[in-house]
Amino acid sequence: MTLLTYLRRKLGLTGTKLGCAEGGCGACTVMLSKYQPHLSKVLHHSVNGCLAPLCSLHHCAVTTVEGIGSVAGKLHPVQERIAKSHGSQCGFCTPGIVMSLYALLRNNPTPRMADIEEAFQGNLCRCTGYRPILEGYKTFTKVRPHNHTLSILRMSKDHRLPLSSSTSVLPAPLYNPADFLPLDPTQEIIFPPELMVDTLTHQHTRGFRGERVLWLQPASLDQLLELKTQYPNAKMVVGNTEVGIEMKFKNLLYPVILAPGYIPELNTIQHTDEGIVFGASCSLTLLGDVLKAAVGKLPLYQTEVFNAVLEQLRWFAGLQIRNVAAIGGNIMTASPISDLNPVFMAAGCKLTLMSKGKSLLLSLQPGLSYRKTILTPEEVLLCVLIPYTKKHFAAYKQSPRREDDISIVTSGMSVTFAEGSTVVKHLALSYGGMAATTVMAKNTASRLLGKQWGEELLQDACSSLAEEMTLHPSAPGGMVTYRRTLTLSLFYKFYLTVQQKLASERIWGNAPEWKPKHLCPTARLQNGQKEEDVVGRPMMHLSALKQATGEAVYCDDIPLYENELYLCLITSTKAHATIQSIDTAEAESMPGVVTCVFAKDIPGSNMTGPIVYDETVLADDTVSLCVCVCVLADTQAHAQRAAKAVRITYQELQPVIITIQDAITHQSFFQPVRTIQRGDLDQGFTQADHILEGEMHMGGQEHFYLETNVTVAVPKGEDGEMELFVSTQSATKTQSLVAKALGVPASRVVIRVKRMGGGFGGKESRSTTLSTVVAVAAQKLKRPVRCMLDRDEDMLVTGGRHPFYGRYKVGFMKSGKVVALEVTYYSNAGNSMDLSLSIMERALFHMENSYSIANIRGRGYVCKTHLPSNTAFRGFGGPQGMLIAESWMSDVALSLGLPAEQVRRLNMYIQGERTPYSQILDHITLDRCWDQCLEISSFTQRRAGIETYNRDHRWTKRGLSVVPTKFGISFTAAGALAHIYTDGSVLLTHGGTEMGQGLNTKMVQVASRTLGIPSSKIHITETSTNTVPNTSPTAASASSDLNGAAVHNACEILLHRLEPYKTKNPKGCWEDWVSTCQSYTVLFLIGWYHYLGYDFETNTGRPFNYFSYGVACSEVEIDCLTGSHKNIHTSIVIDVGNSLNPALDIGQVEGGFMQGVGLYTLEELKYSPEGYLFTRGPGMYKIPAFGDIPTDLTVSLLRDAPNDKAIFSSKAIGEPPLFLAASVFFAIKDAIIAARKESGLSGPFRLDSPATPERIRNACEDRFTKLCPPAEPGTFTPWAVVV
């Protein structure tokens, strides 16, 4: 049992969350305090509760988020500041972030900003974009925080920038740091003295026996060696960061585990004449602390190895992992992509091995293979000697994301010269990621011995490495060409580093460290606004404080029902097959298992789907990576163990269609094929001076909401009634599909949604995949049933953003004016229609982005493949359609040799122009957003600086791009229910769901203004289908528009009913009037179905009610040798009308932007050619982390742009900002253009999305890439395919 399970299920402490179960997201972070006898002090560390075995915590004190403060009692300053600085949106990650900082402050009450950033390396947030968290917590440092005000640009009446400064700070701060509670370290909880005494008196081996595992914790080295003789195959575990994951995800069982964490000899540190000796159980954090101290005391020439290890540790996993992972475990794992082993090997580190009766000293050597070393079963690793430097030394790591990421290629390199010369005497080149284990480039090293360190040696080294460091084109991990090129590029970095030292001048240096320096925005009040009117004010998210203390209740936090069962899904392992048999006999005989549920158990219809019923609840015949059967047991552990014992046999079918190209080949498309056309395309191309054609692929994206899909179903026992607690954006759709599966009227099913830990579209339709199955199981057994998907299950079955492939032909004039465009989109829908047609339609509606094109035709094909069905995701097809539009716009500028911003501005829409779907644009603010963005970003000066930088730097280049967006907003239906009680309090319910976007907060603000009462009198408890029925999903950015109007109208009706009582008692107050009124409740349903509608056949109608506009300017720096990039600067200007809540709106802008940064530069789903998803968790799928936010980030809300089509002149904000991250993508492309120019390359080139380090490096063609050409397509089977 893990600590997390114990906290949540045994103690009922649900503040600590389950986000991934592999130590990759930080949602489960708690503080572990332990007395260290060899240091004579108590150490406080943040750890991952999801990995920490409960039995490993003997002698430890555990502090959870509930233990440091509460809303009802006293908040801890760490909790208060993240809430009041608007750093908590959905709140699911908040307790983990709180505990990471709390642990830091317990050790260091006045940290540096760098310490805070390091503390968060193991924490992820999908909502906020990280900036408000860092800004709020910066107040704990000695650095004075920024003046927390938003620069809102003032415009002159003609909408042009004035000549004088255009920026003024307006007087409504988002928060005031002076109001924060002070931190008083003397008031913290003390370490229990009895644990200290128990640790000192611990003399004997302790044992803990579970259902299947014996855990033994020896107290001495002799006891350990005796146990290793007795149990030679026992696993040794210190941090459980590898074994725990193997047992959880790889179904491995280790019956005996030895825990040597308390053995003094394995924790000692000795300083010797050769170097520093570390006990094998020393944590990586302790390793880093000791090496830092040594670097501060010793001369530089002695500490190059230490500095190299520290550089690797800086990017090694997250702090929670480093706090528990042992140096010995890292070595013994023998991982082929180890961060440290290449360094240890190149440095000549020595290992001391021991077994009963003998010891052995040897140098670190390559392992036999992953998890296999030269140690005999009875031997243990006692300690590691890290030597002082006697030569030039460096280490490198390249990974998809800088922070907390597994490496693609790592390297340790050292060279020694003959005395008084630069002739190579000894050379060691060690690489990880280039074979099944860490390897030494022995042939290359031997070939270079005796040669002068210079250009000739470099040429020989690169040629030799290209021959020696080879990979089969089908090698696991893929990226073969990139990995091979990296071996050369990293050696070249080492070569330049040594050259720099030899010449005593700076030829190559690490990029300067950058720290976030973000503007912290705020708001502006409308003229004449009353003090009690909360609309337009930066009101804190209503649940923020509860989220920060762990008191906010999410679906899986609901206490277990008596007699409750846990459900686990079993999914198909084949992409296209028929089921021949399902054998559940072994599973049903396992402990705790009650039964299995099959398609035949469904009492109603097995057909399901959000629009078209083309899916099954449970597979009954033909399968394509879907849910086949489920197991029910008394606990999650029992259910998951039994699920692995279910045996399904298949008859595989052909063809297996995985990619868009497969679908095109087999003409596998859903119908209809959509087309939008306007103007005369042939005439446009005839008129054009130039015509170019191109193509682009854009990858999909995993939602990665921190709270995975979860449902608790409770049968009511009569009339087929059932109540479900669901994490869903679409309560009504969940209700109807559950009722359909159960064979009962919808009125018998109640769906309740308190809050979600993120949604982003992923819980709009795919949440019903789980809810229907859980409901069927609950009805079959007449018992409550619960299921919260593990991260790997959620990523496998719920789909994500649609991958897109676009082909385009564009005609344009010499000036850059585009006069004709033909574009064809293909999307990978997966195995069912879901919402794919609507997503393709929106892509077509945004195919021109913000540009006026007289002659245009777009066509969209929805590809039917055998992958799990893809679905809605923030932007809903818009980000795909607009990115391909910006790709051809970039090509036009490149082909003409014109600045891209000039071509974009030339083609932008102006007031009154028509879109391709014949909608006239009114109240357009694109030009204002564009001009203001150029102004606040200092675009002209920035461009000049970049040109100078690029002239002076060969191997790093900077790029700049400014990109607009025009995002259409459509309305459907919403409703609101308002109760006024006799004490004057108001209970408000609406049809929207709260997923972190602050919808409930805004609705309270709307009701407060409408009713004219303080917001404290208004409460929203949840969304439920038995209060507000038949509502649309909380999606498409329009929930504030829809539900805000419904709330406003419901409150106005109540005010009208109160009017006679106010007239009778004009001097009375709110409580007086409501106490005499007899009608306190209004259900107000409101719909705009008559507003909108579009006919694709005739190209008539009005698909959107209005548009949101925005512009972003971004600057990046790329490393041409590795493909890494840094986000240096981003300025955003966005039109939100009159903001209902600037704090929430800015949070949506920043969060959406960073999600877009992930989409366009980082997040990559990888599938095998057979459709197996490799990227099933944070270990392999990387969303942006704290370190990925731009160094400088400015968000400006356009002022004086009221929107008469939405509540209180506001505009939708959820989706429009995401596409603005394309400015980062095209800034990267701009930097690549500068790099290619160095190699004599010019003109358009293809860069697919995301712009990963692999794609960036391969696009920066140079002499190194030429030595590592890719294998010919068709001559091998790739490890992963582009879907």
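Glycine is no exception: its Cβ is also placed from the backbone N, Cα and C atoms.
Over in TrEMBL, the protein carries these features:
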type     : residues                        : note
DOMAIN   : 1-68                            : domain '2Fe-2S ferredoxin-type'
BINDING  : Cys20, Cys25, Cys28, Cys50      : [2Fe-2S] cluster 1 binding site
BINDING  : Cys90, Cys93, Cys125, Cys127    : [2Fe-2S] cluster 2 binding site
DOMAIN   : 208-391                         : domain 'FAD-binding PCMH-type'
BINDING  : Phe316, Asp339, Leu381, Lys397  : FAD binding site
BINDING  : Gln729, Phe760, Arg874, Ala1036 : Mo-molybdopterin binding site
BINDING  : Glu764, Arg842, Phe876, Thr972  : substrate binding site
ACT_SITE : Glu1215                         : active site, proton acceptor
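What TrEMBL annotates, mapped onto the structure for a quick look.
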{"residue": "Cys93", "record": "[2Fe-2S] cluster 2 binding site", "CB count, 10 Å": "30"}
{"residue": "Cys127", "record": "[2Fe-2S] cluster 2 binding site", "CB count, 10 Å": "29"}
{"residue": "Phe316", "record": "FAD binding site", "CB count, 10 Å": "27"}
{"residue": "Asp339", "record": "FAD binding site", "CB count, 10 Å": "26"}
{"residue": "Leu381", "record": "FAD binding site", "CB count, 10 Å": "23"}
{"residue": "Gln729", "record": "Mo-molybdopterin binding site", "CB count, 10 Å": "28"}
{"residue": "Phe876", "record": "substrate binding site", "CB count, 10 Å": "25"}
{"residue": "Thr972", "record": "substrate binding site", "CB count, 10 Å": "16"}
{"residue": "Ala1036", "record": "Mo-molybdopterin binding site", "CB count, 10 Å": "25"}
{"residue": "Glu1215", "record": "active site, proton acceptor", "CB count, 10 Å": "27"}
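Closest by Cα distance to Cys25 ([2Fe-2S] cluster 1 binding site), from the binding-site residues Cys127, Gln729, Arg874, Thr972, is Cys127. A Cα-Cα distance of 21 Å separates Gln729 (Mo-molybdopterin binding site) from Cys20 ([2Fe-2S] cluster 1 binding site).
Cys90 ([2Fe-2S] cluster 2 binding site) sits 24 Å from Thr972 (substrate binding site), taking the CA atoms of both as reference points. Here the CA atom of Phe876 (substrate binding site) lies 8 Å from the CA atom of Ala1036 (Mo-molybdopterin binding site). Asp339 (FAD binding site) sits 22 Å from Cys20 ([2Fe-2S] cluster 1 binding site), taking the C-alpha atoms as the reference points. For the pair Cys28 ([2Fe-2S] cluster 1 binding site) and Arg874 (Mo-molybdopterin binding site), the C-alpha distance works out to 26 angstrom.
Secondary structure of the domain '2Fe-2S ferredoxin-type' (1-68), assigned with DSSP and counted as helix (H, G, I), strand (E, B) and coil, comes to 15 helix, 22 strand, 31 coil.
Between the alpha carbons (Cα) of the residue listed as 'active site, proton acceptor' and Cys93 ([2Fe-2S] cluster 2 binding site) lies a span of roughly 21 Å. The average per-residue pLDDT of the prediction over the domain '2Fe-2S ferredoxin-type' (1-68) is 93, rounded to a whole number.
Per the record's binding annotation for FAD, residues Phe316, Asp339, Leu381, Lys397 show a top Cα-Cα distance of 26 Å.
Taking the Cα atom of each, Cys125 ([2Fe-2S] cluster 2 binding site) and Cys20 ([2Fe-2S] cluster 1 binding site) are about 13 angstrom apart.
In the structure as shown, the Cβ atom of Arg842 (substrate binding site) sits within 10 Å of 26 other Cβ atoms. Taking Cα separation as the measure, Cys127 ([2Fe-2S] cluster 2 binding site) is nearest to Phe760 of the binding-site residues Leu381, Phe760, Arg842. Less than 8 angstroms from the CB of Glu764 (substrate binding site) sit Pro610, Thr728, Gln729, Ser730, Lys733, Leu835, Thr871, Ala872, Pro1033, Thr1034, Ala1035, each of them six or more residues away in the same chain.
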